[in-house]
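Below is one structure, written out as structure tokens; the observations come after it.
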Amino acid sequence: MPLDSDPAQEPAEDVVTTGFRLQPVPLLEPARGEQIHTGPSPLAPEWLEVPQDWTSLDPAIWPEQFGRDDEGTLTVSGIPTTALAEHYGTALYVVSEDAFRQRAAQFRTAFQDAFAAIGAEVSVYYAGKAFLTPEIARWVQEEGLNLDTASGGEMAAGLRGGMPPERMALHGNNKSAAEITMALDAGVGRIVVDSLQEIELVGRLARTLGVKAPVMIRVTPGIHAETHEFIATAHEDQKFGLSMAAEDGESPALHAISGCVAHPDIELMGLHCHIGSQIFAADGFAQAADRVLGLMGEVERRFGVTLPQLDLGGGYGIGYTAADAPRPAAAVAQDIARAVQESCRRLGLQIPHLSVEPGRSITGPAGISLYTVGTCKSVTVRDGLRRRYLSVDGGMSDNARPVLYGADYSVVVADRAEEHRGQAPALSRVVGKHCESGDILVHSAYLPEGVRAGDLLAVPATGAYCWALSSNYNWLPRPGVVAVRTVDGIPEARLIVRGETEEDLFARDVSQDPEASRPLRLGER
């Protein structure tokens, strides 16, 4: 991997000179007087164990493409993360293209095999909201998956990446007329409608364009998934979908189905539900399938219409910490196929064409974030117990999940791991550089007591909902994305999204442009 020999791989000169990110932090000894509490701490959560080896990587969290070299440096397909940090700077998103493709293929194969075993067909849609760029859309397309999008921008990313529009879906609870028109013009395979109002809008736009809109209706089956409130999406009191609960004799979902069946400009393809995200238990998926299939049976009896498709969404959990217990794709697929088969047999229904939407479960483990340690300090929490705070050159602007959901992450030292061998563990909290006390990246982790300013840390499983939720809070430029792959046995790293520059930060500021910032005055023509 000749990172230093390819001009196309060199960081842009203006990135280096902004002074925001790519300046190396010298290794500094721990501050004089810093009292570091070492050993097991009562402040640690019960699931957190003291590592026996600072170079170990939990296989439930780290895909096989991540490892250690002889010096203990964290590697991606054999490329040292220290080389990536030196070349591209930190903070930095790193995604293993090989891991992404491997997991995409695993989910496609697992679901195809599971549903073939019950005599049914299935389509696997990658949930683009988790992490989507034109390059990632290309990977998705090449691995035989379809693409689920939730905005005009995500549709554009998919199309730029070569995804055939007929293999794309458009979601969203508040789609604009422009987004719906874009989908209809492009020939997107299906539009998942979310309200009675949207059905009218889709029908009107389809009539104007002279096309028939392919529609699925999102319903809420009333399942309370075991996950965070903000990512549970199938209960009644939330913004998504049409309720299956009867109101005045007919549920909103059934009312919507009736409207679509009768609409001359809409082709009703089926029903959709999604119970939430980061879910490990299979029960919720089985209950959702049973309830929605029951509704499909009612539609058949009431309207004489057999809906050909059922989309059960995604939401399969991954490992972020040792407390998580992710399940293999094959086990997830077999459980869902079995539940669908049993429900259809009991209801007397033909098994419909199934769709699922894994996103996080494909891209989450494939990505990591690299940070350089800056300020280190120890604080007394209570009763003389201390916690070490390690501040890094990123934070909630590149990973909003901890502050948004209280999400937990793990962290490892990416460099000097062999030097840390034998050092005592210090309960640490990895925090960002933002002006928020909630700017926490890793709530609790044992790290070697010798970690100091200039060291490189790696946070795993940041491939989903990190880049996608990133911001410019405190005017920080967003990090770049480096993809690592193996070609003919040779690993290579390449930039697929460059890091932002100072120029990017101010590109939309038109306050000094007299024409662009010309005031709009009432009464002016």
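Positions of Cβ are set from backbone N, Cα and C atoms, glycine also.
Since we're looking at a predicted model, the values are computed, not measured.
Site annotation for pyridoxal 5'-phosphate in TrEMBL covers Gly315, Glu357, Pro358, Gly359, Arg360, and the matching candidate from Tyr405, Tyr409, Tyr446, Tyr465 is Tyr465. Between the listed ranges 1-20, 41-60, 241-260, 361-380, TrEMBL ties the annotation region 'Disordered' to 1-20. Counting residue by residue with DSSP, the domain 'Orn/DAP/Arg decarboxylase 2 C-terminal' (365-463) contains 5 helix, 47 strand, 47 coil.
Cβ proximity to the pyridoxal 5'-phosphate site centre (mean Cβ of Gly315, Glu357, Pro358, Gly359, Arg360, Tyr465, cutoff 8 Å) flags the following additional same-chain residues: Ala127, Lys129, Ala130, Ser277, Gly314, Tyr316, Ser361, Ile362, Gly364, Ala464. Take the Cα of Tyr465 (pyridoxal 5'-phosphate binding site) and measure to each of the binding-site residues Arg401, Tyr405, Glu436: the nearest one is Arg401. Spatially, by CA atoms, the binding-site residues Gly315, Glu357, Pro358, Arg360 include one closest to Arg401 (substrate binding site), and that is Arg360. Classification of Glu357 (pyridoxal 5'-phosphate binding site) by DSSP places it in coil, neither helical nor stranded. When the neighbouring Cβ atoms lying within 10 Å are counted for each of the binding-site residues (Tyr405, Tyr465), the highest count belongs to Tyr465.
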